[in-house]
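TrEMBL annotations:
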- HIS43: active site, tele-phosphohistidine intermediate (ACT_SITE)
- ARG94, GLU121, ARG122, HIS123, TYR124, ARG148, ARG149, GLY221, ASN222: substrate binding site (BINDING)
- GLU121: active site, proton donor/acceptor (ACT_SITE)
- HIS220: site 'Transition state stabilizer' (SITE)
Amino acid sequence: MLSMVVQISVNSHDYWDGLVTRRAAAARQSFRMSKYKVFVMRHGEGAWTKENRFCSWVDQRLSEDGVKEALACGHLLKEAGYQLDVVFTSLLSRSIHTAWLLLEAMGQEWVPVVRTWRLNERHYGALIGLNRAEMALNHGEEQVKQWRRSYDLTPPPIDESHPYFLEIYNDRRYSTCDVSKEFLPKSESLKDVLERLQPYWDGTIVPEIKRGKLVLISGHGNSCRALLKHLEGLSDADIVDVTLPTGTPILIELDENFRPTKPMQLLGDQKAIQAAIRKVEDQGKVKQTA
């Protein structure tokens with residue numbers, strides 16, 4: 001039996017409770033039916049996520065826990081009877097590996113996996129590689145929260161002096177993009193992520209859904225947050241308090257105009273999901289010492 005939770009962030013229960021009420025009232029008035037379903041999920045825990053570092057465009061593999069999360073997600077969807085038709089990932093290994101493990105657990109390894117840089121994690125610029133808790137100690141938890149969660153704040157850009165600059169921009173995978181390397185971002189706000197993601201959603205993913213295909217997007221914390229902001233119509237202020245746990249599928253049901261017909265649903269055990277959300281939120285806090 002699936003346990004579903006509506007709240008995405010433990011700091012925004014009032015918002016999500018209100019959203020449930022508004023959606024229920026709208027549904028009664030318009031009688032909108034769900035025509036499409038799509039799954040959105042943040043990849044399983046990455047190696048640098050475990051180390052509490054800004055990973056961004058550095059290509060890190062899944063941690064051992066991340067592998068377990070991806071497999072558990074696949075088993076969950078299989079037990080619920082879902083049959084995927086296509087999976088979209090970023091160009092980063094942790095996103096792709098999550099998709100492979102999920103499909104393996106579902107017994108659906110043959111399902112096409114489509115990769116695009118437009119689903120990459122937000123580019124954190126000069127913050128890449130830094131420890132979040134140490135940053136909170138040096139700059140304050142609120143500043144780190146703004147860097148991580150705000151909609152239109154852009155961190156300082158990465159430059160050639162950064163230790164990971166060449167590793168990122170000399171990577172052959174970025175020669176496959178639909179823009180040349182010199183036009184790839186050097187730093188991004190969440191707004192920037194949505195601006196580079198939405199054309200791909202509208203032009204590539206939406207047509208697949210309209211053909212009746214069940215799509216799963218194996219993305220990253222911020223590429224998923226950007227897409228959810230777009231689909232749910234969240235305000236710039238509300239998106240700050242939206243936190244996504246790793247390795248947890250989110251079911252979104254849409255009407256024929258691609259408007260949500262009900263609140264998004266995080267699938268899995270409620271207590272485990274809330275614990276995972278708190279774990280992510282605590283990454284930007286000063287580490288407590290005994």
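Count begins at 1; order follows the chain as displayed.
Just so it is clear, glycine is given a Cβ too, placed from its N, Cα and C backbone atoms.
Here the features listed in TrEMBL are painted onto the structure.
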residue	record	Cβ neighbours (10 Å)
HIS43	active site, tele-phosphohistidine intermediate	32
ARG94	substrate binding site	28
GLU121	active site, proton donor/acceptor	25
ARG122	substrate binding site	25
TYR124	substrate binding site	24
ARG149	substrate binding site	20
HIS220	site 'Transition state stabilizer'	28
ASN222	substrate binding site	25
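A separation of roughly 6 Å, to the nearest angstrom, links the Cα atoms of HIS43 (active site, tele-phosphohistidine intermediate) and HIS220 (site 'Transition state stabilizer'). When the Cα positions of ARG94, GLU121, ARG122, HIS123, TYR124, ARG148, ARG149, GLY221, ASN222 are compared pair by pair, the longest gap among these substrate-binding residues is 21 Å.
Of all the recorded positions in the record (GLU121, TYR124, ARG149), the one with the smallest CA separation from HIS220 (site 'Transition state stabilizer') is GLU121.
Among the binding-site residues listed here, namely ARG94, ARG149, ASN222, ASN222 has its C-alpha nearest to that of the residue listed as 'active site, proton donor/acceptor'.
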